[in-house]
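Accompanying notes for the structure given below.
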Amino acid sequence: MSAKDHPDYSEEVERLVETRKAVEEWLGKAQSSRGEQRKHFKRAMKGLNVRDSSEGYIDLLVSGKLMDMLMRDEDRLQAIREKPYFCRIDFRPDGAGEYEKLYIGKTSLFRRDSQQPVIVDWRAPIATLYYEARPGPVSYSSETETVTGHLSLKRQYEIESGELVEIRDIDVTARDDLLAASLRKSADRRLNEIISTIQAEQNRVIRADLDFPLLVQGAAGSGKTTIALHRIAYCLYHRAETFDPEQMMILAPNRLFLGYVADVLPELGVLDVYQTTFPDFFREEVGKKMELADPDQKLLRFIQREESEPTLLLEKWCSRFKGSMTFKEVVDAYIEEVLEQLAPREDFILGKKYLIRTKEEINRWLRVDYAYLPIYRRLEKIRQVLGRELKRKTEEVVKQAEQYYDEKIEQVRYRIRDPEKRRERVIHWMDRKEAVLEKIRKASASLLPRYMAAFRKKDVFSHYRELFRNEERFRSLSLPAENIRYLCQTASESLDRKQLEMEDTAALLYLKHRLYGIPNRRKIKHVVIDEAQDFSVFQIYALKEAIGTRIFTIFGDLAQGIHSYRGITDWQEVLDHVFPEDRCQFLTLEKSYRTTVEIMELANQIIGLMNAPGILPARPVVRHGDKPLIRLFDDPEEPVDWIRNELERAKTNGFRSVAVIGRSLRECRKIEKLLKRRTDWSLQLLTGESTFEDADIIIVPAHTAKGLEFDLAILLMLDEPYTRDELDLKLLYVAMTRPLHRLAIFARNGMFPLLEELDPAKYCKKCR
Ligand SMILES: Nc1ncnc2c1ncn2[C@@H]1O[C@H](COP(=O)(O)OP(=O)(O)OP(=O)(O)O)[C@@H](O)[C@H]1O
């Protein structure tokens, strides 16, 4: 209801005014402290003597850090100036007399005088009552205890420019109007924070135990990306003492996607999280000696049907194999071979007779004692230990030799009377001594480098190349001989050309970790993966091993697994092989928030056609809109006018983002050509490496559209039909689930054979 009609209006206005005053007070304080700090910093800079003590520098550093903190505080307060909170809950813990009125907002705030809470942070344990509980007896858990009590009120506010516009009390049956209003909004080419409308199932994901890995299967539009970012904010809030933001790593599918989500974290007050894509991470950690092909290239070859059927099957088999744990076994066996080849052939002996260590002992160090280290680091360790022992032995032998020759010289001095003869013999023994010592020193100096040189080191790419040189390595797995031949041949050819594909990265990362180690310079403690269905099990396993943390938050949707030839087809594999002993939590997000009931119903029919029992249809939240429009044409000029109509409509409805989605990049180029020829609209053809421009229409291939959303999506099928093939069905599902508000499908006659199975009379006037 309009705020003014609410019985508590004046009380609420009073509270809002008070809260805003408190915000201003804190803000004023933060600003003046920062001003003082800045002055102090300037003074410290001026007074800094380059040759002076480190004290001056420490002062500068501390002052800089303080200014940073104050600036963040200021930003945090600025962000809540206009809208300090979005809801209130009245809660009385069991045994307490009074209900506490808790106002929940983006960040917490305390009264300056009494330290009483003015605003409770949405991430605080008690705030879960707003997201999940209904008025009545309730409980919530913090890290240390479970609190039970009674919730008497749950109230939402809409505040605009500091003014109270609406007040809504949520009773047991109330619909979530705030959510409905938020979903009616239009898309502005970036994702938004949703703290005021997080739903119960999403809240459970955000607040899932931070000490264990978490795997989330979520339908299209269920908020996976959004929730992933909110969980990061939640994690940093609760782990602020033990965790720096740089120690969280987000792995996004491509740079376009990173740009798309870039604003949400700062909106949530989170800065400095390490955001990257898997290919970039791989290049940084494993090396750039070989070129990693754009991961979409292969997919596009499949989509554009550039391979003959038998080759296609073999290609898909190889991709799947390279991402499997069976391939990991091959890599493990290869590493065993490397170890065997490294086994020392000789004892470590100084000057042929002074044994320092036997080859068996050194081999035991290599295989057992230093097994906790990557293999080549074990060699470094062996070099260090042998070096120390050699030094000791050399000193000992030198001492013995000196003693021996000194005694000889002494004997000559005492026993030979003739001075001339005596002199001659002394010189003789002194020369011998010198020569022997020189020999020992020389032998000692050359021994270690010569011994260590026998342990041949190769870089990780050469090892990977070596792996495919011998088909025998794959024989024990009883795999089809033809497939193994094809795998080894194609892999060798592309590695000889110094080219890698995404499928190679799992084994390479794993090899690098086992042979050289991945230094984890940033000390990553928590990895968040979005669109994880496109990763392989081996890839996630290798990441876990290489980074050395088991805390992963993984989001994906199998129904959108357009890279399923190399990606994950069953989450159980991840649970079984990556986190078998880590108590990985598995949650699902089934409701879809992005789009309307009408659009989701159509998209769910595509899921039905996939015939995959593990893939469930999404449940749309109740938001109705236009029925999807399907129209068929003969003349390719025809849809241009329809698109014009759609654009007009979109403008009147206040829609801001419009995409024309084509089945492949090739199809999109044709669409671009057609629209360029017939219209003067500004167009942008999106690829995974693009950033959004301000265009009237975005033209985007279905696989690149994954993860994005638009107010209006037009699927245009000029020359390429989506067939009943699994990949086509997934592409079509991805494309259909992109719009927030309206979906139109324009297909040249014959290019949409699936229409027959989608209840055409319901959607398509011209179809019968
Ligand atoms: N609780 C919510 N309140 C308001 N909007 C929400 C909520 N949950 C999700 N949304 C909106 O739904 C849309 C889809 O969210 P998001 O892109 O995070 O979903 P997704 O599961 O990653 O989708 P997909 O897998 O299809 O790419 C976004 O516009 C997001 O803001």
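Cβ coordinates come from backbone N, Cα and C, glycine included.
The domain 'UvrD-like helicase ATP-binding' annotation in TrEMBL covers 197-596.
The ATP binding site annotation in TrEMBL covers Gly218, Ala219, Ala220, Gly221, Ser222, Gly223, Lys224, Thr225. Annotation for Ala220 (ATP binding site): same-chain Cβ neighbours under 8 Å, separated by at least 6 residues, are Asp557, Ala559, Gln560, Ser592, Arg594, Ala603, Ala618, Tyr733, Val734, Thr737.
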Under 6 Å from ligand 1 by Cβ, which binding-site residues from Ala219, Ala220, Ser222, Gly223?
Ala220, Ser222, Gly223
Are there any residues in the same chain, six or more apart in sequence, whose C-beta is under 8 angstroms from the C-beta of Gly223 (ATP binding site), and if so which?
Ile194, Gln199, Gln202, Leu589, Tyr593
Return the count of C-beta atoms lying within 10 angstroms of the C-beta of Ala219 (ATP binding site), excluding that atom itself.
29
State the count of C-beta atoms found within 10 angstroms of the C-beta of Gly218 (ATP binding site), not counting that atom itself.
26
Mind telling me which of the binding-site residues Ser222, Thr225 has the densest Cβ neighbourhood, counting other Cβ atoms within 10 Å?
Ser222
For the domain 'UvrD-like helicase ATP-binding' (197-596), provide the mean pLDDT of the predicted model.
93
